[in-house]
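What follows is a single structure, written as C-alpha cells, with notes after it.
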C-alpha cells in the first residue's frame, strides 16, 4: 500500500530520534569540507573532527534501546547490537584521528582526508543498522568508494597502484554482490531480509541457484573483511597507504562487515532450517582465511605488509565467532572485536612512530629495544596480544571464541567445526613466529649503541593506556562481558 506525503514525512520525523549519531556525522562531513575551504589550519580541523566523532559516540547510549526499532520504513534498525558496533566504529575513528594528528605526512588535503574518514564511518554505521538488501549495498558502496580515494592519500606511485588495485577488486566484488542481491530479491519478492516473507521464501526456494546467490552476496561481505579468497587487494593497499589509513582499514570496515554478515547469514541459514550448510561454508572460509593470512605473513619483510596478512588472519578469528551460530559465540565475537581494536591500534601507533624516523623494514628495527625501551615494550605487548598469549586480553578473546566453537561442535557434531578448531589453534602457534619477529630484531639482534631518548612522549602515554586496557580485560573480562551479555540478537 502506497503511503501519502504526510505519512512519509511523519515516518521520517519519527525515525530521527534514533538516527542522531548518523545525522551528526552527515553534518560533520559538510562542516569539515566547508572549514577546509575557509581555514586549512591543521589544529582546528582536527579539533572539529574530534568533536564530531565524540558527539556521535556520546549520542549512541541514549538510543541503544533493548528492543529493535525499525526506522525509515524498514530500511535500517536501531538496537543495542548495532549501537555496540557503532560505538566500536566511532572509537576506531577517534584512534585513527589520534594517529593522523601524530603523523608527519598527513598535512596534505586535510579537509578531504577527514571528510573521507567521516564518510566511511557513516557508511559503517548504516551497514550495521541495515535490514534491507538495497540499503546494505548502498552502505557498502559508501564505504568502498571513499576507501578507494583514501587508500591513495600517500600521493606516491605505490599508493596510487594500491588504490587502483583496491578499486578494481572492489568493482568486481560489488558487481558480484549486486547480482546476488538481485537474485535473492527475485526469489523472495522483498528487499527486507529480516522479514518472515524473506525467510519463508528462501525455505521454499531451496535450489542450487539460491545457494549461488547466497555465495555471491557473502563474497561482498568477505571482501570488506579481507577474508580469503577475496583478500589479494589487502597487502598492496596497506603497503601504499598512510599508516593511519592502514590502521583504519584494518578495523572499521571489518567491524561493519562482520556485523552485517552475522545478521545476514543467520537469515540465509533460515534460522537453522536451510537445506544448505551455511555454517560449513563459513567454517571452510575461516579455515582458508586463517591459513592464508598466517602462513603468508611468515615471509614478509615490510611491517605494513606483515600487518596486512595479520589483518586477514584476524578476520578468520572473527569468523570463528560467527561460525558458532550461537548467542554465546556472537557475544564472544563482540568481545574479541573490542580487544582487536585495542591491540591493533596499540601496534599501529608505534609502527607509525618508528616509520616517522625512517624505519620501514623489519630488519631496520635491529637493536631498537635498547635505544627506545618503552616503545618497544609496548609494541611487544601488542604483538603478544595479537598472538593470543597471556597475560593479555588477546588470550581471553581467543579462548572465548574457541570455547564457543567447541560448544557448537558438541551440539552439531559437524566434523568441519572440529577441523576449524584444530586448524585455528595450529594457526595461533604459527602466528607466534611472525608477530614476534619485530621484537626479536629489536631485543635480540645487536644494533647501534644505546642513546638517550625521551620516555615521556604522547605515544608512550597513549600506549600505556592501551596496554592497561589489555591487562585489565585479561584479569577482569567480566567488566566488558557484563555489557555485552545485555545485547539481544533479534533479527526480526
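Cβ atoms are placed via backbone N, Cα and C, with glycine included.
Given the structure is predicted, the values throughout are model-derived calculations rather than measurements.
TrEMBL lists transmembrane segment at one of the ranges 332-352, 437-457, namely 332-352. Packing against the transmembrane segment (20-38) from elsewhere in the chain are residues 44-45, 48-49, 52-53, 55-57, 59-60, 62-63, 86, 90, 110-112, 114-115, 118-119, 121-122, 125-126: each is 6 or more residues past its ends and has a CB under 8 Å from a CB in it. Within its own chain, the transmembrane segment (332-352) is flanked in space by residues 84-85, 88, 91-92, 95, 98-99, 102-103, 243-244, 246-247, 250-251, 255, 258, 262, 303-304, 307, 311, 314, 317-318, 320-322, 324, 375-376, 378-379, 381-383, 385-386, 392-394, 396-398, 400-401, 403-404, 459, 462-463, 466-467, 469-470, 473, 477, 480-481, 484, 487, which lie at least six positions past its ends and keep a Cβ under 8 Å from the stretch. Counting Cβ pairs under 8 Å that are 6 or more residues apart, the transmembrane segment (245-266) and the transmembrane segment (83-101) reach 3 or more and are in contact.
Between the transmembrane segment (167-187) and the transmembrane segment (136-155), the number of CB pairs under 8 angstroms, six or more residues apart, is three or more, so the stretches are in contact. If you look at the transmembrane segment (83-101), the same-chain residues 6 or more away from its ends with a CB under 8 A from one of its CBs are 21, 46, 49-50, 53-54, 56-57, 60-61, 63-64, 113-114, 117-118, 121, 124-125, 128-129, 242-245, 247-248, 251-252, 255-256, 259, 334, 337-338, 341, 345, 348-349, 352, 462, 483-484, 487. Residues 84, 98, 331, 334-335, 338-339, 342-343, 345-346, 349-350, 374-375, 378-379, 381-382, 385, 390-396, 400 of the same chain lie 6 or more positions beyond the ends of the transmembrane segment (461-484) yet place their CB under 8 Å from a CB of it. Here the transmembrane segment (45-63) has Cβ contacts under 8 Å with residues 17-18, 20-21, 24-25, 27-28, 31-32, 35-36, 39, 78, 83, 86-87, 90-91, 93-94, 97, 100-101, 110-111, 114, 117-118, 121 of the same chain, all six or more residues outside its ends.
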